[in-house]
């Protein structure tokens, strides 16, 4: 009795997942977001969506955030890593810009010195409203390792208002990406008038 080889029709390569799968739930990340759940249920029922202008503007704003780098130290390396293909922050609607007049978000990454503080404030003032600030890393959050130095500002929130703090020394690219997602959630919850 000879053994005959059997050929399976299953692919040799695992199929690529659609979106980033959350290991805890087995569903794509953001699938439990109440905003997207309500939109998909309304579209499934009627085929069109009824919303207010305020909600529409907030939805568009969260999907088209333009960020400006203010890399002052080693945290800037992780900030650059976030925009590379592995994490690809642009798929979340978060794209880099080179000019403060075209950007909505400033990421302060690194140690802010007393000499650099006026330049940071000047760049912040050039950004159009509504503008947001993400403080990235221990040095930007509170001075970090150089907290007791005479030339270091003990947190960039003493110079500009900060919306999201990302802790770490340096924080990973995943932590910064999570901070971006938190900022988008904060924008969705805040109206267009108040800020």
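Each position is counted from 1, following the chain as shown.
Placement of Cβ uses the backbone N, Cα and C atoms for every residue, glycine included.
On a predicted model such as this, the values are computed, not experimentally measured, just so you know.
Database features, via Swiss-Prot:
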- 74, 75, 139, 169: [4Fe-4S] cluster binding site (BINDING)
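Shown here: features listed in Swiss-Prot, placed on the structure.
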{"residue": "74", "record": "[4Fe-4S] cluster binding site", "Cβ contacts under 8 Å, 6 or more apart": "110, 170"}
{"residue": "75", "record": "[4Fe-4S] cluster binding site", "Cβ contacts under 8 Å, 6 or more apart": "109, 110, 136, 137, 139, 140, 170, 171"}
{"residue": "169", "record": "[4Fe-4S] cluster binding site", "Cβ contacts under 8 Å, 6 or more apart": "137, 138, 139, 144, 145"}
Same-chain shell around [4Fe-4S] cluster excluding 74, 75, 139, 169, C-beta within 8 angstroms of the CB centroid, reads 73, 109, 110, 111, 136, 137, 138, 140, 144, 168, 170, 171
Around the Cβ of residue 139 ([4Fe-4S] cluster binding site), other Cβ atoms found within 10 Å total 29
Under a three-state DSSP reduction, the secondary structure at residue 75 ([4Fe-4S] cluster binding site) is helix
DSSP, reduced to three states, assigns residue 139 ([4Fe-4S] cluster binding site) to helix
